[in-house]
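One structure is given here, and the rest of the page talks about it.
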Number of protein chains: 2
Amino acid sequence: MSQQRHGSTSGGSDRANAVPAFPDLPEATIARLPEYLRALHNLGEGGADTISSEGLAAAAGVNSAKLRKDLSHLGSYGTRGVGYDIALLIEQIEYVLGLDQRRAVCLVGVGNLGHALAGYDGFASRGFKIVALFDADPSKVGERIHGLIVRHIDELPQVAVEETIAIGVIATPAGAAQAVADELVAAGVTSILNFAPCVLSVPANVDVRKVDLAIELQILSFHEHRKASLTALPGGRSATGAGNQEAVGS
Amino acid sequence: MSQQRHGSTSGGSDRANAVPAFPDLPEATIARLPEYLRALHNLGEGGADTISSEGLAAAAGVNSAKLRKDLSHLGSYGTRGVGYDIALLIEQIEYVLGLDQRRAVCLVGVGNLGHALAGYDGFASRGFKIVALFDADPSKVGERIHGLIVRHIDELPQVAVEETIAIGVIATPAGAAQAVADELVAAGVTSILNFAPCVLSVPANVDVRKVDLAIELQILSFHEHRKASLTALPGGRSATGAGNQEAVGS
DNA sequence: CGCGATTTGTGCACGCCTTCACAAGCGCCT
DNA sequence: AGGCGCTTGTGAAGGCGTGCACAAATCGCG
């Protein structure tokens, strides 16, 4: 533990980085940190104090060497011969992910999916707070969903001033998504989670992540198809080839 | 063009697939095919007949070279100097993904999220059909959602016999997910889409894909955090000028 | 009929990520 | 205190994916 290496002080950033707080975390590592975090919370609730890389890797569903390398990237707070201090590691990962500050999320589109997202516990319990719901449909404006009133999308700029919105979630039909994205960007939002099945065009400083439920099914469909076409084959190796747990996000 | 290149040479890595329809498609390619498919459908509705790799790549949000390489993996049905025949390419991709046969999906857990998923149009419109809804909560059994009656999870084996269920979707709380997965596997399901925030343990021949909404947000949170720590650097906001950067796809 | 414009298909190099294997470090037991 | 076993952290190797750059192929036109 001792000092955090984020402090601008910490003399030796391996790279020639003048200031920025973070080492260059590989994107693949970043995508796994939340998974580790969830596993750590589970383990912590189970009463454990420390956990070995082997154990945590199993809980997170990854290879232990990969896990160790991932954690080493962010400074590594493990103890050889013992393992990782769960509470400390949670704190570290939450800091790196920026979860120590609860981020405000706004959700645009309270249709079928948006409605469900508005009430999804996982948001609140994992560092986020939905602060506003928007829709373009006047018949939906005013509706109360899980304690929040749906406002018209035109109010977005105003709300963005009142609350500092970190992340915008788009749950509209595909046709409306680009326009909504533009409005979010104009309102200062720099991170977007897009559930609409379309490609968004945004400025370079805005991050977009996409979740497309149908695509996930189609990928599974491919594997089904392939497996089906293999059943007609001589049994040879029994399919250990493909069974694995891919997490979305490629 | 020409025909498929199954027994592609490449010194022996290609384990002779006697029959199966596919070369070894890279996993990354498979994950992008649905995206191409969606873009193609859009283009087709726009009235176009053919599309260049450049155009399709733009519509799908990827690099054109990558797109060409992806398509070449499945045999390539493009014409040099012209482009790809949209209808033909749609047919090809749908075949590869196994979408020519509408696959039956069952959904377990009709809570907040499951309720929304049950009514999600994207499933029906993109090759899937939800044939059954299950829940363990007796108070939910019997409820009618978008034309389907919620049945008790214990009926799963029976339903699996009546309908050939290709894919199971888990939208239960994390605590129940593993048990549900076990039951799905026991019922013969070999592909699972898991929305519960937990790692599932399944036999090697079962494919699992995971979608965790909170994780997506946490990844965005990291980028927000990083961007915030960089604000002391050059590179002011360039407004919505010629916005176009890609999506974080990793 | 040939030429130029256009676009596909792909060889190649580069960089990222994964995985192995092992030295270094730490705690515990004797 | 010293040795032993366990676990981390990491160097190195290999694999995979990406993107460039270009040859091959095709169409349209003079």
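Including glycine, each Cβ sits where the backbone N, Cα and C put it.
Here the DNA-binding region (A:35-74) has Cβ contacts under 8 Å with residues 23, 25-26, 29, 82-87, 89-90, 92-94, 96-97, 99, 126, 245, 247 of the same chain, all six or more residues outside its ends. Under the heading DNA-binding region, TrEMBL lists A:35-74.
DSSP gives A:Leu113 (NAD(+) binding site) a helix state. Per TrEMBL, the feature NAD(+) binding site maps to A:Gly109, A:Val110, A:Gly111, A:Asn112, A:Leu113, A:Gly114.
Across all of the domain 'CoA-binding' (A:98-199), the predicted model scores a mean pLDDT of 96. TrEMBL lists A:98-199 with the feature domain 'CoA-binding'.
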What subset of the binding-site residues A:Gly109, A:Val110, A:Asn112, A:Leu113 has a Cβ positioned less than 8 Å from a Cβ of chain B?
-> A:Asn112, A:Leu113
For the DNA-binding region (A:35-74), give the DSSP counts of helix residues, strand residues and coil residues.
-> 29 helix, 2 strand, 9 coil
In this structure, the one of the binding-site residues A:Gly109, A:Gly111, A:Gly114 whose CB has the fewest other CB atoms within 10 Å is A:Gly111
Under 8 Å by Cβ from A:Leu113 (NAD(+) binding site), same chain, sequence gap 6 or more = A:Ala171, A:Phe195
